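One structure is given below, encoded as structure tokens.
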Amino acid sequence: MDFSVIENVGKTQHPKTYDGHIQYGTAGFRTRATILDHVLYRMGVLAVLRSKAKNAVIGLMITASHNPECDNGVKLVDPAGEMLEASWEKIATELANVNDSDISSTVQRIISEQNISINTPASVIIGRDTRTSSAALANSSIAGITAANGTFKNFGVITTPQLHYLVVCTNTNGSYGDATLEGYYRKLSNAFKSIRGGSPSSDKYVPSVKLDAANGVGAIAAREFKKQLEGFLNIEIYNVANENLNHECGADYVKVQQVPPATVPVEINCRCVSIDGDADRVVYYYVDEKAKFHLLDGDRIATLVAGYFKELLNKSGLNLKLGLVQTAYANGGSTHYIENVLKIPVACVPTGVKHLHHKALEFDIGIYFEANGHGTVVFKDSAIEAIRETSASSDSSTAQKDAASKLASAIEVINQTVGDALSDMLLVETILHANGWDVLAWESSYNDLPNKQVKVKVEDRNVISTTDAERKCVKPVGLQEEIDKIVSRYPKGRSFIRASGTEDVVRVYAECENSTDVEKIAQDVASAVRRLAGGVSLS
Ligand code: G16
């Protein structure tokens, strides 16, 4: 590794032209695409160092997911498909922000502090979303990888979950699946078709969905699934353009605005699905006879999956620890249902799939979902083994074998490496089909508390500091007392605030018993934030 080459290429071809501080946030670096060239170059270099440190292949995904088209970003993916280890987020932030003339010394320091053997070979898998800026940023990362003497495989335009899948398959020598896009589609489609078997247990279930692809990369993947699942699931795809990414469509828009995209021809009581710009989030919704909009978000998906798995575990006689992980955004109605009706342990962690994923690994079967539709299910190897044994054992009854086989097939439909909008959709469709449910039956399991999210622009969102899985604000001093005072006026009132890790805003969440009050709580809390945390008007 020639440190002077790394520095010179950086200085001359990918110079730092932005003086502000850029931070590795909830899901990597995410900001305006025009200031990211030097960051991508340096992340190419860092991916090589990380690959050497782990002696494994690392993933590099260029996307700003749910953000607008003008933004972009990059996240590094660790060998087991997890988000970059937290201690390396600091390293990434430091390398992204040093002056051009300090690149060489910083890289050398990282090597020495992390005890990296520079002779270890390094390899990076690259993917990017459909943003106009993504191709050039991919080239910047390739320049960094090459300058640091690493090798790379560029998969071009792919979804974020596909990148995670490819990293895991490569690092497990194919035991998780073939490290190709064909392998990804084949694995999920075959599992979906095999578990689906005969007809649904009731004619309420109609095998058809309307899918809003957010004008993003998910449209490409959805088209492929549509082809492979012909005769099993009819996927009508909307919002497939290469422009207007996430604009008035996509999972984030539907979740936050609580309306369907105008571009999706909703029909009464029909299942509609929205995914986000890089296809790692999914929400369902429908409109009833009175034109009322109903959202079935990540909480609903989590409870649907948890109920199905709990029933199969009971029937199979397997004694496996099932748990669910949520964040503060989880609707109080869902948490109450999980704890008191499903009687499944539930944990709350800070926002960011990395936190949920790690917590979920503590269970034999860990279901994790953010309310925004980001989540999956993870299984311990020992749990998978036990499920497979029961499904094949002559000591099991037919009912036990049947339940265990269904669990075994469900494992194959799930992309365990990360939240995957399309794999999650296939899982939801599998369960609705197995239960013979339409969207109303699914929704009838519990009532959501009315809720509202708003964004507040402040001068510096870093003045906000929280604790207790983001449920309590510790700074600015006095803000939590204000929030407590506001929510205490309303039955089942709850609100919290936190600085976004992907947008330059403070997020406010509010819920309470009466829909007429929820807007008032959100606006009152937002005003308190503006007053105490230096609010500025939203441009
Ligand atoms: C990313 C993260 C999610 C997080 C979301 C919003 O999603 O992967 O875990 O919930 O950002 O984060 P924040 O509220 O901090 O802005 P995505 O789909 O945008 O990559």
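Each residue, glycine too, has its Cβ placed from N, Cα and C.
The domain 'Alpha-D-phosphohexomutase alpha/beta/alpha' annotation in TrEMBL covers 52-96 (among others). In the predicted structure, the domain 'Alpha-D-phosphohexomutase alpha/beta/alpha' (52-96) carries a mean pLDDT of 97.
Residues or ranges marked as Mg(2+) binding site by TrEMBL: SER65, ASP276, ASP278, ASP280. Mapped onto three states, the DSSP output places ASP278 (Mg(2+) binding site) in coil. The Cβ neighbour count for ASP278 (Mg(2+) binding site), using a 10 Å radius and every protein chain shown, is 34.
The Cβ of SER65 (Mg(2+) binding site) lies under 8 Å from the Cβ of ALA27, ARG30, GLY73, ASP129, THR160, ASP276, GLY277, ASP278, ASP280, ARG281, THR502, each of these being in the same chain and 6 or more residues away along the sequence. SER65 (Mg(2+) binding site) carries neither a helix nor a strand DSSP state and counts as coil. For SER65, the entry in TrEMBL reads active site, phosphoserine intermediate.
The helix, strand and coil residue counts that DSSP assigns across the domain 'Alpha-D-phosphohexomutase alpha/beta/alpha' (119-172) are 26 helix, 13 strand, 15 coil. Per TrEMBL, domain 'Alpha-D-phosphohexomutase alpha/beta/alpha' is recorded for 119-172 (among others).
Under the heading domain 'Phosphoacetylglucosamine mutase AMG1', TrEMBL lists 205-283 (among others).
What TrEMBL records for 297-437 (among others) is domain 'Phosphoacetylglucosamine mutase AMG1'.
Same-chain residues at least 6 positions away in sequence with a Cβ under 8 Å from that of ALA499 (substrate binding site) are, in sequence order, ARG461, ASN462, ILE464, VAL505, VAL506, ARG507. For the recorded site, ALA499 (substrate binding site), the DSSP three-state label reads strand. The feature substrate binding site is assigned by TrEMBL to GLU370, ALA371, ASN372, ARG498, ALA499, SER500, GLY501, THR502, ARG507.
Annotation source TrEMBL lists domain 'Alpha-D-phosphohexomutase C-terminal' at 455-527.
Residues of the same chain lying 6 or more positions beyond the ends of the domain 'Alpha-D-phosphohexomutase alpha/beta/alpha' (52-96) and with a Cβ under 8 Å from any Cβ of it are 22-24, 27-33, 36, 38-40, 42-46, 103, 106-107, 110, 114-118, 120-129, 131-134, 137-138, 141, 160, 163-168, 170-171, 217, 243-247, 250-252, 276-278, 280-281, 352-354, 357-358, 416-418, 502-503.
Within 10 Å of its Cβ, the residue among the binding-site residues ASP276, ASP280, GLU370 with the fewest other Cβ atoms is GLU370.
For ASN372 (substrate binding site), the same-chain residues lying six or more positions away in sequence with a CB closer than 8 A to its CB are ALA251, ASP252, LYS255, ARG281, VAL283, ASP297, GLY298, TYR329. Sequence-ordered, the extra residues of this chain that approach the Mg(2+) site, with Cβ no more than 8 Å from the Cβ center of SER65, ASP276, ASP278, ASP280, are THR63, HIS66, ASP129, THR159, THR160, GLY216, GLY218, ALA251, ILE275, GLY277, ALA279, ARG281, HIS374, ALA421.
Ranking the binding-site residues GLY501, ARG507 by C-beta neighbours within 10 Å puts ARG507 at the top.
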